[in-house]
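Undergrad: What follows is a single structure, and I will ask about it in a moment.
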Amino acid sequence: MSKAQVSLRKKDILGLEAMPAAEMELILDTAKEMKNIIDRDIKKAPTLRGKAIVNLFFENSTRTRTSFELAGKYLGADVINISTSSSSVAKGESLRDTLLTVEAMGVDIIVMRHEAEGSAQFAANIARPVIINAGDGAHEHPTQGLLDMFTIKQFKGRLAGLKVAIVGDILHSRVARSNVWGLQKMGAEVHLAGPQTLLPREIEKIGIQVHNRVEDALDQADVVNVLRIQRERQQKGLFPSAREYARIFGINAKRLALAKQDALLMHPGPMNRGLEIAPDIAYGDQSAIQEQVKNGLAVRMALLFLVLMGGTHIEAAH
Amino acid sequence: MKLLIKGGRIINPAENMDVVGDILIENGKIAAIGSSCPAAGAEIIDAAGLVVTPGLVDMHVHLREPGLEAKEDIASGTRAAAAGGFTTIACMPNTRPAIDSSIVVAGLTQRAKTEGVVKLKIIGALSKGLEGRELAEIGDMIESGAVAISDDGGHLDSTRLLKTGLEYTGMFGRPVITHSEDEGLANEGFMHEGAVSAVLGLKGRPAVAEDIAVARDIMLAEYANAPIHIAHVSSKGAVEIIRQAKQRGVKVTAEATPHHLTLTDEELRTFNTAFKVNPPLRSAEHVAALIDGLKDGTLDAIATDHAPHAFEEKDVEFRYAPSGFAGLETAVGVVLTGLYHTGKLTLPEIIAKLSYGPAKILGLDSGVLKVGAPADITIIDTEYKWAVDCIKFYTRGKHSPFESRNLKGKPLITIVNGSIIMQNGEVLK
């Protein structure tokens with residue numbers, strides 16, 4: 001199938017587990033075009049004029065919410081943000097009711113971040129607007145997965161055949177899961193590493209390599225993707241101390257040197273410098289962390305465009 | 001009034017009976033069982049090609065009354081039981097207030113006489129208010145008719161209280177029924193811990209949490225020399241622990257549910273809250289171990305753990321949905337489809353687990369077919385094909401993991417004390 005014939009199969013973007021490789025490629029190709037818009041003086045394309053997007057965030061987020069907001073605005077859509085710090089259940093209004101209320105206002109896309117795994121699927125079953133999952137609990141964060149792939153492709157020119165090490169709290173990480181699905185489908189070799197207490201039981205059954213020794217995962221890696229460690233995990237007793245984590249599992253210059261000389265260092269942010277990542281390498285020569293943020297915007301613009309315009313080609317982005 | 005059930009395949013596990021014949025009912029009791037009973041003056045039920053069994057007994061049902069009637073009450077729950085072929089059910093005490101005193105036991109027993117359509121037995125709480133601190137008035141409840149004692153709905157954390165509860169309940173010759181799952185280990189989990197939870201990102205409840213709790217509970221029962229019944233066994237390790245305990249003579253019995261016997265955690269991939277249950281649906285190796293346990297007698301009963309919830313309670317994000325679902329009206333179809341038609345268990349084996357097995361555990365005189373006994377009888381068409389439609393349930397709990405599934409096998413007639421109370425899926429009272 002030629003790229004021109006590929007289009008997004010489903011109404012919603014819920015995760016990368018079910019997304020075919022061809023669709024991911026379409027999104028990445030489209031993002032390349034979108035990235036040009038970000039660098040323009042006047043960052044406004046009329047492509048989504050007259051369309052309405054709601055960012056419905058049940059969890060705090062600066063990075064992802066801002067990225068989606070700007071993505072929509074750069075493409076000319078009307079974007080509003082609804083943030084709430086507690087679950088819909090705690091507030092007394094069900095998620096169903098909230099979604100139907102937003103739907104009744106005629107919005108075209110609901111970008112949803114929610115602490116509960118499967119909430120995006122739940123929303124897609126209920127609401128007519130397109131649902132884009134901006135993170136559902138520890139399940140998936142598809143746009144982060146896509147922007148990570150986009151970044152790797154930008155620096156390495158390819159994804160197939162690369163060794164990608166993902167290091168840190170895999171257990172609670174939606175980023176790790178989306179990365180695993182996306183990278184595997186694109187032919188990369190994924191290695192996960194972290195303390196056993198932060199690795200999901202039986203995760204190796206999905207065909208990836210799992211290590212407790214970070215060094216084994218880093219050995220000759222093309223890409224090192226470091227995940228954020230939330231300090232509350234230590235309070236829950238999943239590892240003894242931040243100090244010990246940094247010493248045994250943290251990525252520093254010495255450990256990074258085990259990877260290939262030109263290995264790319266990534267982090268979905270926000271970083272805990274001195275915990276999971278050493279300050280000197282966070283923005284060092286190998287770091288792609290700032291570029292990830294920019295690419296996130298491009299990928300989200302591409303997605304908004306593709307889900308609304310039903311794009312089978314990318315000319316309209318120009 | 002006479003009723004003649006004619007020409008059915010009579011399966012009576014208590015006496016290893018599996019014959020084609022008739023059953024004559026007179027004045028609410030079984031008057032004769034034989035190859036040919038006199039038909040004079042009797043209303044005749046042609047049971048040719050059907051299976052005639054003792055009235056089915058479900059020893060683990062949540063009726064939600066008193067206090068949570070929006071989910072279920074005696075009227076709706078016993079009608080669901082009748083529709084499902086059950087003539088006797090036992091209800092768990094996790095109501096609001098809890099069933100933890102003889103007044104509540106007596107009150108429910110009285111209400112069952114006016115509101116209920118099948119026989120209702122009461123299980124009393126082990127601790128006051130199900131709080132796990134002080135023993136409830138167990139003796140008083142048993143004297144008022146409670147058939148067993150349990151803090152089901154959650155795990156009893158206090159080892160000391162369980163020991164005392166077993167010793168005390170054992171004096172009355174009644175079992176303590178336990179929900180055995182170490183909450184400290186299972187804490188905050190939403191599903192079975194394994195490959196599927198790893199992918200979904202949902203926190204897992206490890207099978208070892210059940211194994212450890214079952215081991216503890218059995219050791220206490222052994223120490224107290226008192227009967228214990230392990231509810232809704234779901235793990236391979238628990239089956240093995242129960243098997244070993246039985247071999248050394250511990251007074252332990254156990255049950256498995258139709259859903260744990262036929263479904264795996266793979267079903268959760270869609271985040272459908274109808275599959276959320278506690279203990280959780282586990283992986284295929286655990287399901288296989290449960291079936292082995294039924295086959296070799298390690299597990300004595302099949303019980304539904306019927307746990308209805310209001311529709312809107314389940315219509316939320318997976319992690320916020322309550323555990324449990326309606327089970328009474330699908331049990332026979334699910335078990336026959338999943339265990340009988342697949343050749344995993346024989347029909348007499350299944351009927352034993354649905355009638356005589358649970359009746360024996362609770363010390364009931366039901367679950368058998370014998371002359372002079374109350375005529376509690378279920379007639380089943382093992383070949384009847386139907387699709388589950390929750391909206392048509394008699395229970396108020398309209399969620400089922402078997403929604404829209406095609407099942408083979410259904411109870412066609414339920415008879416309690418000689419009266420037909422359900423026919424062709426319709427409850428007549």
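Here the Cβ of each residue, glycine as well, is placed from N, Cα and C on the backbone.
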Undergrad: According to TrEMBL, A:ARG63, A:THR64, A:HIS141, A:GLN144, A:GLY269, A:PRO270 bind carbamoyl phosphate; which one of A:ARG40, A:ARG96, A:ARG113, A:ARG243 is annotated to that same site?
TA: A:ARG113
Undergrad: Please list residues from the chain of A:THR64 (carbamoyl phosphate binding site) whose Cβ is under 8 angstroms from its Cβ, counting only those at least six apart in sequence.
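TA: Counting only residues 6 or more apart in sequence, the Cβ neighbours of A:THR64 (carbamoyl phosphate binding site) under 8 Å are A:ARG113, A:ALA134, A:GLY135, A:HIS141, A:THR143, A:GLN144, A:GLY296.
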Undergrad: Which of the binding-site residues A:HIS141, A:GLN144, A:ARG174, A:ARG228, A:PRO270 have a Cβ less than 8 Å from any Cβ in chain B?
TA: A:ARG174
Undergrad: Can you give the largest Cα to Cα distance in Å, as a whole number, for the residues A:ARG63, A:THR64, A:ARG113, A:HIS141, A:GLN144, A:GLY269, A:PRO270 that bind carbamoyl phosphate in the record?
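TA: Of all Cα pairs among the recorded carbamoyl phosphate binders, the widest measures 16 Å.
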Undergrad: I need the CA-to-CA distance for A:ARG174 (L-aspartate binding site) versus A:PRO270 (carbamoyl phosphate binding site), whole Å please.
TA: 14
Undergrad: Would you identify the secondary structure of A:GLY269 (carbamoyl phosphate binding site) according to DSSP, in three states?
TA: coil
Undergrad: Whole-number Å distance between the CA of A:PRO270 (carbamoyl phosphate binding site) and the CA of A:ARG228 (L-aspartate binding site)?
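TA: Rounded to a whole number, the Cα-Cα distance is 7 Å.
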